[in-house]
Amino acid sequence: MGRLISVSFGLLVVFLSLSGTGADQDCLPGWSFYEGHCYKVFNVKKTWEDAEKFCQKQSNGKHLATIEWLGKANFVADLVTLMNSDPDLDWIGLRVEDKRQQCSSHWTDGSAVSYENVVHNTKCFGLDQKTGYRTWVALRCELAYHFICMSRVPRGA
């Protein structure tokens, strides 16, 4: 029981820090502010490409979330943990799409990879609930998951 109260209190603190800063007034309702950007978790499932298009339609300058440093990674992980209604995987705005790209790995017999046969040769990335949304996982782009959109705070806001 004590652990449940501790976890509940911890989530309350995270929620208040995400939604009660006053700076989030620069974001649209339902969006959370962090370091000059607004973020929102969408609890509908879409493919990576459809999620990116959906984010772009929300407003000019919106995209799937970009995670450029540890502080932002922690913020996004906490936001997804709090706002995701169906914990699983969530798309972020990272995709590898170079048809000439070769893996730098090795096969189990030690030979170098000189050929790659990946479906659509495209890898999209998401956050995994199993790691508290703190690690990126390569996923098939055509699968549908929840996603996080991000936008810059408008100048002068």
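Think of each number as a place in line: the chain as shown, counted from 1.
Glycine too: its Cβ is placed from the backbone N, Cα and C atoms.
Record source Swiss-Prot places Cys38 in a disulfide bond whose other cysteine, from Cys27, Cys55, is Cys27. Neighbour list (Cys124 (disulfide bond), Cβ cut-off 8 Å, at least 6 residues apart, same chain): Trp48, Trp91, Leu94, Arg95, Ala138, Leu139, Arg140, Cys141. Counting Cβ atoms from all protein chains shown, Cys38 (disulfide bond) has 24 others lying within 10 Å of its own Cβ. Highest local Cβ density among the disulfide-bonded residues Cys27, Cys55, Cys141 belongs to Cys55, counted as other Cβ atoms within 10 Å over all protein chains shown. Cα-Cα distance from Cys149 (disulfide bond) to Cys27 (disulfide bond): 12 Å (rounded to the nearest whole number). Here the Cα atom of Cys38 (disulfide bond) is found 12 Å from that of Cys55 (disulfide bond). Distance noted between the C-alpha atoms of Cys27 (disulfide bond) and Cys55 (disulfide bond) is 15 Å.
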